[in-house]
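A short worksheet on the structure shown next.
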Amino acid sequence: MQSPTAQGTNDGVLPARTWPSVLGALTDGRDLAVDDAKWAMDEIMSDNATSAQIAAFGVALKMKGETPEELRGLADSMLGHARKVPVDDDVVDIVGTGGDRSNTVNISTMASLVVAASGIRVVKHGNRAASSKSGGADVLEALGVKINLGPDEVARCVREVGIGFCFAPVFHPALRFAGAPRKEIGIPTVFNVLGPLTNPARPRAGLIGCAFPGLISVVAGVLAQRGNSALVVRGDDGLDELTTSTTSTVHIVADGSVTTRGFDPRDIGIARVSLDELRGGNADVNAAVARRLLAGETGPVRDAVLLNAAAAIAAFRGLGGRTLEDGLSDGLATAAQSIDSGAAGALLGRWAELTSGLASSK
């Protein structure tokens, strides 16, 4: 895959937006302008594209190498077709692309609870497991949270509890038109990385994990173009999180630019562990792990959750000239207090109770 910063020869929109012109540009190695990419996704979201066109588009884009402009056009189209969440953007998302095939516990979901209990509002966007045993939606259900809620109900959860969950099939119903072609071709394409960029609440900040090394800088580029504050991360062991088994690569997105650097958890006092110590099971197993964490259990899972919660807190607050290590150290203290005070466990209970009431009244 070519470098995400490589430039094709197409600096403007295509002379005519048709599938032959779009696919011809991609197979010739030419980049699409934002509006051309948006047109293609609009056609898909409107059920105006055939399965062959959708499959060809995903594969051709993958073979050429996606650019931030293309990914932004696709994501903007998806958001245009999504159901809107009536909250302001002063919220944070903690989400990964999935696809790392590590079968770890649900680190980002647990971190979301910790961050929300610290007083920072969270709107998480996710789905059921695709390549793992337990996705964010699966473990939340196992924890008693009702996930099939609409925009107004999610907004109420954010207002009253400090956290909400946007279940992707509810908020992106038009994406179903791409489902069959994606399943038939059976390889990861750009569709696999759009989730973290299409949160219907449009949060201004985020901790975004990307399992695909060729796309992490592209995702960061989109967030920079939007003016977001974010940390886009990939563990050097392949995790779509900040890992504690080795170092991680971090793209710091701030003020419209991206800075890339490495990070070693030992630099802020977190010991390295084996990846096996972070592995989980099905939704019920991972929910039990989450409950023990919220009850105060220490160990490798707590360290990984605290680290990722700290990163989300740092992304929300901004580094403000501090080093990444300083920002994460401050976030660690906040996250630890969120668990140790009982606030995170209490928040889960309130959230589950509220969503149960909202679901039963629908």
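Heads up, the Cβ atoms here are built off N, Cα and C, so glycines get one too.
Noted in Swiss-Prot for the protein shown:
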type	residues	note
BINDING	Gly96, Asn127	anthranilate 1 binding site
BINDING	Gly96, 99-100, Thr104, 106-109, 124-132, Gly136	5-phospho-alpha-D-ribose 1-diphosphate binding site
BINDING	Ser108, Glu241	Mg(2+) 1 binding site
BINDING	Arg182	anthranilate 2 binding site
BINDING	Asp240, Glu241	Mg(2+) 2 binding site
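Comparing the Cα of Arg128 (5-phospho-alpha-D-ribose 1-diphosphate binding site) with the Cα of every entry in Gly96, Arg182, Asp240, Glu241, these being the binding-site residues, the smallest distance points to Gly96.
The shortest Cα-Cα distance from Asp240 (Mg(2+) 2 binding site) to any of the binding-site residues (Gly96, Thr104, His125) is found for Gly96. With a cut-off of 8 Å between CB atoms and residues at least 6 apart in sequence, the same chain places Gly135, Gly136, Ala137, Phe167, Ala168, Pro169, Gly195 near Asn127 (anthranilate 1 binding site), listed in sequence order. Across the fold, the C-alpha of His125 (5-phospho-alpha-D-ribose 1-diphosphate binding site) and the C-alpha of Gly96 (anthranilate 1 binding site) stand 10 Å from each other.
Between the candidate binding-site residues, His125, Arg128, Arg182, the densest Cβ environment within 10 Å is the one around His125. Taking the Cα of Thr104 (5-phospho-alpha-D-ribose 1-diphosphate binding site) as the reference point, the closest of the binding-site residues Gly96, Arg182, Glu241 is Glu241. Taking a C-beta cut-off of under 8 angstroms and a sequence separation of 6 or more, Ser108 (5-phospho-alpha-D-ribose 1-diphosphate binding site) has the following same-chain neighbours: Ile94, Val95, Gly96, Lys124, Gly136, Leu207, Gly209, Glu241, Asn308. The binding-site residues examined here are Thr104, Glu241; by Cβ neighbour count within 10 Å, the least packed of them is Thr104. A helical conformation is recorded for Ser108 (5-phospho-alpha-D-ribose 1-diphosphate binding site) in the three-state DSSP classification. Under DSSP, Arg182 (anthranilate 2 binding site) is assigned to a helix (H, G or I) in the three-state scheme.
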